[in-house]
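First the structure, in the form of C-alpha cells, and then the observations on it.
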Amino acid sequence: MAELHQTPTSLCCCRKSLPVSGALCVGESGRPSAGPGPGSPRSPLVDVASASNFRCFQLRHFHLDLRLNFAVKEMSGWLVLDLVPVQLGVCTLVLDSHPSLLIHSIDCKVPGAGLDEPVSLTYRVDPFTDYGSSLNISLPTAAVKPGRLIQITVRYTTTDGPAIWWLDSELTCGQTRPLVFTQGHSVCNRSFFPCFDTPAVKSTYTATVRVPDGVTVLMSASRSSYSKRDRVFQFSMEFPVPSYLVALVAGELQHVDVGPRSRVWAEPCLLSCAVKKLGGSVERWLGVAEDLFGPYLWGRCDIVFLPPSFPIVAMENPCLTFIIASILESSEFLLIDVIHEIAHGWFGNAVTNATWEEMWLSEGLATYAQRRITTEAYGEAFTCLETVVRLDALHRQLRLLGDNNPVSKLQVKFEPGVNPSTLMNLFTYEKGFCFVSYLSELSGDVRRFDCFLRDYISEFKFKSVVAQDLIDYFLGYFPELKDAAVAQREGLEFERWLSGCGPPPYEPDLSAGGALIRPVQDLCDLWRSTDPPDLQTLSTFDLSAWSTFQIVLFLDRMLDHSPLPHDVMVSLSGCYSSLFDGLNAEVQIRWLQMVVRNTFYPDLPRVRAFLHKHTSRMYTVPLYEDLVAGVMKCVAVEIFYQTQRRLHPNLRRTLQQILFQTSSVPTNQNGPSALSVIPPASPPPSSTAVFGHRRDVRMPVATATAADLNTVRRKSFTPEILKG
C-alpha cells in the first residue's frame, strides 16, 4: 500500500492526519479509563437487547478492515477486537451478530502467552431475536486469563442487514452514482460487524475502507486520511463510543468548510443549497453550546446530507451528523434538527444511557439542551413556540394510546425480544425534557442548572450511566434539595417520573411564547365554528408573515378537529392552499393530511403532486396511511404504482403493507423505520395542551410488550418525525 498522505481536499471527517503510532486504547495517553468509576452503571447491568457476555470483558479497541463492493452490494473484510477478560474461567466470547452476516473464519492471538501467531477458533451462531443472533466463540482456555489482552479476528461478509442501506444511483439525489450508508441506532450495527451491541460498552476504533475509484468514504471518526493511489480511506476514533455510533457513508460526496471545525458534505447537486442554508450557523451554535455545557469534546462537527431514503431525520454520529436532505426545504426544522444533534455531542454521545430502557437520558437531556441553545441564540419566544408544537404532539399521542400505556414511561421495561428501536417515541423526548425542566426548576435558577449540567458532563464524560447516576449526582450537587426531600415530593416523586405511565407530572411555563402562540389559537377558534369566518375578520391574520412553526401549529390543531364541515374546507382551501403550495414540505404535508382526512376532492391533485415529488419515509408514509384509512385507497394504490420505482425497496415494502394489509415484515426494517412516526388511522379527539401545572399520574405495574409498541407505531400523530 502506498504511503498515506494528507490531502486536505479529500479528507473525510477532519483535517488531522492519522497518528503514526498504532491504535490508541481507552485508558492510554491520558484518555478516559473504561474501568469502574463514578459513571459506571450499577452492577449487575442487564441489557435484554444484547445476546453478548459484555460484562465478562473490557473492550479496549477494535479495528475494521472493509472492502465495499457496490456491484453485489456487499462489504467484506475483517474485524479485530482487543479484549481483556475481567472474570475467571471465561471460556466463551459471545458477540451480537445477525443472520445477514456471513462468518468465514475466526482466530485468536494472545500476545505474550505463547499465542503470538493466530489460532483458529470454533464458533457457532444461535438465534436470539428477530433483530439479531448470537455468535458464540470458544476461547483457548489455557491462554485466557483476567487482565491479559487477547485479540480476536473475525472475517466476514455483510449481505442485506438492517444497518446497511445500499442505494442504486436512481435513488440518490444526483442519480449518477450509487451510495451506501449505515444506520446503527438502536441495535442494527450487529448486522454491520459482530460486536457488544449495547450502549453500556464504549471503546475507541480504527477503520480501513477500500472503495472503487470516484467514491468518497466518511465515518464517524475524529481523524482520517486517504491514499488516492490505493483508493484506501483510514479512520481513527480516538474517543470511546458505543457500537451504535459507528457509522459509514460512501458515494459521490463533496464538501465545503462552513467553520473552523465544521464542514458540510453532500452530493454535488445538493452542496450549494446545504451550504447556503447553514452558512456560518454551525460554529455559532457550537459556541453557544460550549458556553452552556462546557467544551465540545469531539473535535470535528461535520454534517453530511443524505438522500431521501435515509430512514430518519437525523442521527448524531460523533464528528459526523447524518441528516436527510429533504429537511433542507424548511429552514426552521433544519435549525432545530441540527441543533438537537449538536446537543447530543454532550448528552447521548459523551454521556450515554447504559441501556435502551432509559433512552430518555440521551434524548430528554438533548432536547432540553437544544432548547437552551435556541433560547440563547433566538430568544425565549421562538423556543416556547417550538416546544408547544412538540408538547401538543405528545398529548395527541397520549389521547390515542391512553394514560396507562407502559410505553409512556421514562424507564420502559420491555420484554426480551422487543426491538428497542420501537421505543423511539415522543415520551422519550418530551416527557424526558419535562423531567429535566423540572430538575432545572428545582435548582432555582436556569444558569445554576447550566452549571450543574456542565459539571455532570465533566464527571461522566465517555461513560454510560443509568438514571440513578443522574439523580444521585443532582442531589449531591444540590444538597439543600436532598435535605428537603424533593425526590419524594407528593405527586412529583422522582420514582413517579421514571416509572409512572401517562403525561408528565409537570410542564414548564411557556407563556413567554404567547405573542407567537395566541394568534395561532385565535385563528383556530375562528375556523372551528360550524360556519366559515368572514373575510374581514380573517384579513387580520397574515399567514404569509407567520413562521413555519406557527403555521404547523395551526394546521396540527386543525387536524385535531378534523373532519370539518365541507364549506369550512372550501373556505380554508380558498384562503390558504395557494399560499401553502409555495411553502415547505412540513407545511404542505399537514395541509394535505387535512385534505385527505376531510375527503376534500378539489385539492386531491395537490396530494398526487406531493407524493410524486417526495420519496422519503417522513413525507410519504403519513399520507398513505391517511389515504388508506379513508375512502381514497384506490388513489393511494394508483400513486404507488406510478412512483414505486423511485422508492427505496424498504419503503416500498412498508407502503405495500399499508396498502395491501400484508403481515410480512420488511427485511431491512428492524431499526431505522421504527424511528419514523406514522399518523393515526383515524382523526384524534380534540384536546388542548395545558402547561405549567401538576398532573396526577397513575402507576400500574406493566412492561412494554411487542403489541404495545406496535400500537405506538399504528396510533401516533400528525407528522411529528423523531430525531436521532
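Cβ atoms here come from the backbone N, Cα and C positions, even for glycine.
TrEMBL entries are annotated by machine, without manual review.
Per TrEMBL, the feature active site, proton acceptor maps to GLU341. Annotation comment: TrEMBL describes TYR429 as active site, proton donor. Here TrEMBL flags HIS340, HIS344, GLU363 as Zn(2+) binding site. The domain 'Peptidase M1 leukotriene A4 hydrolase/aminopeptidase C-terminal' annotation in TrEMBL covers 515-659.
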Lowest local Cβ density among GLU341, GLU363, which the record lists as recorded positions, within 10 Å: GLU341
Inter-residue C-alpha distance, HIS340 (Zn(2+) binding site) and TYR429 (active site, proton donor) (nearest angstrom): 11
GLU341 (active site, proton acceptor) versus GLU363 (Zn(2+) binding site) - Cα distance in angstrom: 10
Cβ neighbour count within 10 Å of HIS344 (Zn(2+) binding site): 26
Inter-residue Cα distance where the pair is GLU341 (active site, proton acceptor) and the residue listed as 'active site, proton donor', in Å: 13
Summary of DSSP states over the domain 'Peptidase M1 leukotriene A4 hydrolase/aminopeptidase C-terminal' (515-659), given as helix, strand and coil counts: 113 helix, 0 strand, 32 coil
CB contacts for the residue listed as 'active site, proton donor' [other CB atoms within 10 A, all chains]: 26
